[in-house]
Amino acid sequence: ELPETGRLALYLLGLRATCPPPDPSPQRLLVTWLKYYLEEDWAGSRHHGSPLTSYYQYSLGVLALCVHRKRVREEVIRRLLDAEHHGKLGHAGGNAVDTEAVVALAFTCLERERLVGEKLATRLRAARRAVRRRMVEAQGPDGFFGNIYSTPWAMQVFIASHMCRKEPAYGRAMAALLENLDAFTTAATMAQALPALHGRSYLDIGSMRCREEPDTLTAIGPKLLTETPGNMTVRLVVECPQPQCPQPQCPQHQCPQHQLYDRLVPAPAGTSLLDVLKVATAQEPHDFTFDTQETPQGPFLSTVLGLEAQHKKRRYWQLLTHPGTSLQMGVAEYRPHDGETLILRLSEW
């Protein structure tokens, strides 16, 4: 099994933000586990030249330890520096903004808390500036850094560096974020957006003054969701892996037009892509199957028609709309439109 680096890092950040009880014993144990995972994450995959999980999770681990004011071996930090310097933080078919942002936040924290020597701090400072410069250059006409979900991460970099008032790109990103708040529907995505909306970064967690606050929470009754009336029909396509289908799951003769699956799927209007996939499994002749894996960012499409997205082989199921536009949302967030063609493609990153 892969190390739980990212999940434990997010948990420790959340735990620190909630002002835990004075007894530090439980936290110390979790910090020890995170240090262990961080070492395992890299050591178990040296022949790949990258962490077992991802640079995103690896840098989250460094950030969480720094926020808890725990030293990290300089070799661990240099691995991230080398990855940033050689442009290894991205993946095919996507962008590296969220990963670079977490790396920049980790570097800022290490320098601010003086957890590294001056020579290494100089390198961290230069890398952070390079990341920030690339973010400005990569900002799209829609105001987003990468996509809507990586934008709050990028904004935290400007906030932590005290550059948000001086950088026009930050203002454009904030305006775009405020216009698209309805895209943040899960606890994980909301947790990424809220700090930036309040002008804070995850680094502020480390300097919080925990004190007793008045109980102002008021319980309210469940709010009935308004359903979108009507139905829709979308076309669901599963492409055959390229350059050729792996044996024996996908013999070449089962891939006409390089497609393993091509059907029209009727579903209630306004439902998510995940719901569409569930409807497809219930359709006759019941030849569509899929599976998901829970992650801190929501469900991750792990298996389609028996073909698995394997992290060790750097493969993932890419979500696209016709003719080849990569979706910037997960299966639980994206809501297809009537008549839309949805494509599932097993890609490498």
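Glycine is no exception: its Cβ is also placed from the backbone N, Cα and C atoms.
TrEMBL: automatically predicted annotations, no manual curation.
Going by TrEMBL, these are the annotated features:
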BINDING   Thr53, Ser54, Tyr55, Tyr56, Gln57, Asp98, Asn147, Gln192, Trp317, Gln318, Leu319, Leu327, Trp349  cyanocob(III)alamin binding site
DISULFID  Cys66-Cys109  disulfide bond
DOMAIN    270-347  domain 'Transcobalamin-like C-terminal'
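Everything TrEMBL records as a feature, shown here on the structure.
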residue: Tyr55; record: cyanocob(III)alamin binding site; Cβ contacts under 8 Å, 6 or more apart: Leu80, Ala83, Lys88, Leu89, Thr99, Val103
residue: Gln57; record: cyanocob(III)alamin binding site; Cβ contacts under 8 Å, 6 or more apart: Thr5, Gly6, Ala9, Asp41, Pro51
residue: Cys66; record: disulfide bond; Cβ contacts under 8 Å, 6 or more apart: Val72, Ala106, Cys109, Leu110, Glu113, Leu115, Gly206
residue: Trp317; record: cyanocob(III)alamin binding site; Cβ contacts under 8 Å, 6 or more apart: Leu301, Ser302, Val304, Ala309, Leu344, Arg345, Leu346, Ser347
residue: Leu319; record: cyanocob(III)alamin binding site; Cβ contacts under 8 Å, 6 or more apart: Leu273, Leu301, Ser326, Leu327, Met329, Gly330, Val331, Tyr334, Leu342, Ile343, Leu344
Take the domain 'Transcobalamin-like C-terminal' (270-347) and average the pLDDT across it for me. 86
DSSP assigns the residues of the domain 'Transcobalamin-like C-terminal' (270-347) as 10 helix, 31 strand, 37 coil
